[in-house]
Amino acid sequence: MGMRMMFVVFLLVVLASTVVSSTSGRRAFHGRNAAAKASGLVSLTDRRPECCSDPRCNSSHPELCGGRR
């Protein structure tokens, strides 16, 4: 292999590793975000009776009380 060909292969390897690392980082971020949303929903579910009796909370979180009243 010539020097140009080795340089092109090197650039392709660097480009491929950069693309893989940037996309895997985004997936991890979305995973953390989804986990935080799920955690928030679990904490709201624990307070379901209080939330369903409060009109402001009920309108903000209709999924807890079975829809809008």
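Numbering starts at 1 and runs along the chain as it is shown here.
Just so it is clear, glycine is given a Cβ too, placed from its N, Cα and C backbone atoms.
Marked as disulfide bond by Swiss-Prot: Cys51-Cys57, Cys52-Cys65. Residues or ranges marked as glycine amide by Swiss-Prot: Gly66. Under the heading signal peptide, Swiss-Prot lists 1-21, citing sequence analysis as support.
Rounded to a whole number, the distance between the Cα atoms of Cys57 (disulfide bond) and Cys65 (disulfide bond) is 10 Å. Among the disulfide-bonded residues Cys51, Cys52, Cys57, the ones whose Cα sits within 10 Å of the Cα of Gly66 (glycine amide) are Cys52. The 10 Å shell around the Cβ of Cys51 (disulfide bond) contains 17 further Cβ atoms across the protein chains shown. Sequence-distant contacts (6 or more apart, same chain, Cβ under 8 Å) of Cys52 (disulfide bond) comprise Asn58, Leu64, Cys65. Counted within 10 Å of its Cβ, the other Cβ atoms near the residue listed as 'glycine amide' come to 9, all protein chains included. Within 10 Å of the C-beta atom of Cys57 (disulfide bond) sit 16 other C-beta atoms, taking all shown protein chains into account.
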